[in-house]
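According to TrEMBL:
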type	residues	note
DOMAIN	52-153	domain 'Proline dehydrogenase PutA'
DOMAIN	165-443	domain 'Proline dehydrogenase'
DOMAIN	508-946	domain 'Aldehyde dehydrogenase'
ACT_SITE	723	active site
ACT_SITE	757	active site
Ligand code: NAD
């Protein structure tokens, strides 16, 4: 295996340093490059635009109509029923100003389309509903328009069609379209399609050899349902041999096979697979220049090809998942982005990579895939006298530029093959990539954009990129650090930590007397803690956040061993804990750092001060034994209270460790106490007369018991902040993309073995989509890996204890007699010592069969008719719970209607419904699901506080100085308490 360490190092380099290296390494292109690029653009602009260019010119993503058109293009052809198609059309044509696109375009087709869209929009406005006037006509016209658009991008619906359409001046690499596989059946289908395509291409290749002849592009995620780093072992065992089989077929018929690039987190896995295949000339890999490690990857490939004595094709692309990469890095809290966030840096990296590829002697056959005239001219300059390389463009794009080149230098067309519905995700990628304001293609078609702005060398336009992910919430707070679990060394480290059982002793179970003592001691310490002030308390909480971050390996191991968390879950929980501490620190500083000066009559000072209530009991569940435990404690502390925290009986070790860290950080021992034990200790705590508030997270029944106990006490009435359970629904209409929906169902219903309060419990899926979704869901669930939580490959670990497993089994048995079982994941052998419960789903004829929260990986599925959406919403409201709700739909008015009519705390649209982020998605429900305020939100601390208003008659001591010396606006002033 070649050395990957330069790839790993480059990946972690920050963008600024990386850019400095690039600027030092890549010489400014010679002057003629600019002139050549300008000429390419000028000549291209003088030719009639291709349909895509004209379309982009008229409907770019910077106008509402362009975005609507993209949504229609993405979803229209795959929606199975008329009612939903009409709803989509109404939703999308109802917005924007379609008339302003009339008669503008140099393309007749675009003008016809604009006319059709404007007419459709008029019909809607005048008739109110598309149904009343010309509905079938409009539906058919739009479907036709999308097919026409698709035709621009797809070479043919079959490989034979595509081959027949080939233009002999170009070389071709055919791409079999399709979503990544979610099931083994999908993967098998894609394998067969590739096999047939290779044979068909081979029949026409005419002995040109695998490098310069026609080839095929293969997407590894299409060939395996779990093409993820965490599943490396099984991918190598299952996918590598299948790919080798395709390789041999390709080799036999002299067809080149290039592996497409996908998301950055799949790179190492892709290289692992590739290494097992490099045995013949004709294999290729796409490398994305937008990755900071692109140069290192090029160097690595050149070295590998040389060592194996083969010729490797390297297709250099800029990269098509840019927005997704930025999002993922921010969500995962990575120290730095995997990609350049400044587009000019990518262009520069492209040239640096080209330089390395040309230096790879004959072991590398470089292919430069770009539509950017400046990059094209620069590559020509870098190539010098070398001729054994090619350009590449996408089918349907870049014709006007490449028409000028193809006669003198070989150019290959990347040509998608497949059915319209498979094309759509690909199409949207292309539109997003090229329709955005900053893209070259977009400017190139915009005649008003000056050529000068398009031909500058990237050196001249680098601006520096986005702030790195940890600075996402700057300047208020640092985001919690995450680890990139797709990096080989990080994975090894994580598995090492997780496997080591921490040796912290289990704290002894408290006696009721300990509880009394703790509350009394806390009451004695509360005043001085409150007087410390928000600023100092914030510093202590921030210290604690740093200590938690540095104790990560130990805490994560605790979560894995004591709570049965998988490694990714343990990491997410650790980060949430850190975020809670920093977020509440910010809130303490903001609201408890001084008095609010209130407006009032002259001669009077009016001030409002927030302060701690006294002693809070913080009672937490086992399912987030660190994040919820620390979150409750931190909120109470931030607001100036002393705390007696009761950990769940299943997870006292983690709680003890957290309390230790808080003490180390500077929380006085008298201010924070831990008690352990079950119901009796909870009861002893909540009936103690010294308590001034209770923060509880757990089941609704326990919250009600606590509420009754508090009500029965004599003395002051104290607040109860309760976050409880839910029967969380997920509603999907038939416009949802089934693959995306199923990914989100799997995560929402089964991740953490369904033991999250936010987990989806009941899926309402529209009749017309139900069959497809259930098939995909069962297939995807079959690919889940059940196992020990300390292996990274484990998706589903154990449930918390035998009692929980027995409750789940009892429910499964009960519902199994009343509903159809859709699937059940079997428990592999060798896990007898773990309390495993296989994820499963049941189809219910009647949602009423589910009357209470079932806390584990059991999903209930109910079909609904679009026309009866109202009764679904009624059911959700009538359940009385209101915690989370997922909605999947491409139709804005659909999700808006749902969101407006249900009483639920956290609504998630077109994404998973678990994993709320502190300060980003403040979390908590209503009704039976909780009292509020939400955890991790801007209003949390107020409930933990009490308020004092102080009104001073200034006239009594001589007069209103503020009035006499100028204005007196109400404002916050530092209170200077110490
Ligand atoms: P639980 O109600 O059984 O226990 C929660 C805590 O309350 C534990 O520490 C327990 O010892 C204590 N307790 C139990 N009886 C008590 C009593 N009579 N008086 C005082 N304390 C008592 O809940 P659980 O099984 O640990 O956790 C799972 C539940 O928590 C699920 O219902 C889940 O939905 C809910 N939950 C809600 C949220 C949220 O934010 N809404 C978050 C996590 C979990």
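Backbone N, Cα and C define each Cβ position, glycine as well.
In TrEMBL, annotation is done automatically, which means it is predicted and not curated.
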In whole Å, how far is residue 723 (active site) from residue 757 (active site) when you measure between their Cα atoms?
9
Let me know how many other Cβ atoms fall within 10 Å of the Cβ of residue 723 (active site).
27
Would you mind splitting the domain 'Proline dehydrogenase PutA' (52-153) into helix, strand and coil residue counts from DSSP?
77 helix, 0 strand, 25 coil
Under DSSP, is residue 757 (active site) helix, strand or coil?
coil
When DSSP states are folded down to helix, strand and coil, where does residue 723 (active site) land?
strand
Within 10 angstroms of the C-beta of residue 757 (active site), what count of other C-beta atoms is obtained when all protein chains are considered?
26
To what whole number does the mean pLDDT across the domain 'Proline dehydrogenase' (165-443) round?
93
